[in-house]
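Student: Per Swiss-Prot, the features are:
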DOMAIN    47-225  domain 'BPL/LPL catalytic'
BINDING   Arg89, Gly90, Gly91, Glu92, Val93, Thr94, His95, His96, Ala156, Ile157, Gly158, Gly169, Leu170, Ala171  substrate binding site
SITE      Lys153  site 'Lowers pKa of active site Cys'
ACT_SITE  Cys187  active site, acyl-thioester intermediate
Amino acid sequence: MDIGKLVTRRSSEHPAGAFLFEPSVLIPFERAWRDQQLWQQRLFEEPSSPEAVWILQHPACYTLGRGASAQHLHFDPNEPPAPLHRIDRGGEVTHHLPGQLVAYPVLDLQRHTPDLHLYLRQLELVVIDVLRDLGLQGECLPGLTGVWVGRCKVAAIGVGCRRWITQHGLALNVDCELQGFAEITPCGLVGHQVGRLCDWMPGLRVSDVQPLLRQSLAARFHLAWIPQA
């Protein structure tokens, strides 16, 4: 399968309106998670409601997926170095922090393609598109989820989905500090190095990458951002 040819059911000539939330301050993980849950519930109750996407940064924290193993934590979970959250996404442990862009699409996959595997591949392509715009070559590794540049993983992906409505999403390391990743085995992948885009492009900042991520999400999922009053 050529994932580069994956498309959604929605025509790019008729993009659907979606709300885009881009707070200018760091958003605690639990607040962003609550907002996604509320929007997911809104789509359950009002199926014709617009979809929504959050692009933001978190203060330092760690999250564990539904079935994630505590063996990938290199600290006592009762005394974590930063807040630790057990959440309703797939995947193992990951680290969020300033300098990392996260994108949380709350989409109704029945409006796109109701296939979680394809949705994960689309999120990877969102990141690969951004890297291409920056002149970097991103790639996926067989059997693994995420995006690598060279031997370094620069983007982690983990989603939750109920009744085909998604939450959680992707985390792209731009100019974040990497020390906190040493406290875990990121995504449960032993021997895989974590990287950040500024390692290849010194001086690159989140503000440089965020417009590209916004553009790639809109293009891949055929979304038109609804102006907010």
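Just so it is clear, glycine is given a Cβ too, placed from its N, Cα and C backbone atoms.
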Student: Do you know offhand how many angstrom separate Lys153 (site 'Lowers pKa of active site Cys') and Leu170 (substrate binding site) by C-alpha?
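Tutor: The Cα atom of Lys153 (site 'Lowers pKa of active site Cys') is 12 Å away from the Cα atom of Leu170 (substrate binding site).
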Student: Restricting to the domain 'BPL/LPL catalytic' (47-225), what is the model's mean pLDDT?
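Tutor: Per the prediction, mean pLDDT sits at 94 for the domain 'BPL/LPL catalytic' (47-225).
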Student: Can you tell me the three-state DSSP label for Arg89 (substrate binding site)?
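Tutor: Where Arg89 (substrate binding site) sits, the three-state DSSP reduction gives coil.
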Student: Taking the residues the record says bind substrate (Arg89, Gly90, Gly91, Glu92, Val93, Thr94, His95, His96, Ala156, Ile157, Gly158, Gly169, Leu170, Ala171), how far apart in Å are the two Cα atoms that sit farthest from each other?
Tutor: 16
Student: Measure from the Cβ of Ala156 (substrate binding site) and count the other Cβ atoms within 10 Å, all protein chains considered.
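Tutor: Summing over all protein chains shown, Ala156 (substrate binding site) has 27 other Cβ atoms within 10 Å.
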Student: Of Arg89, His95, Lys153, which of the recorded positions has the most Cβ neighbours inside 10 Å?
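Tutor: That would be His95, with the most Cβ atoms nearby.
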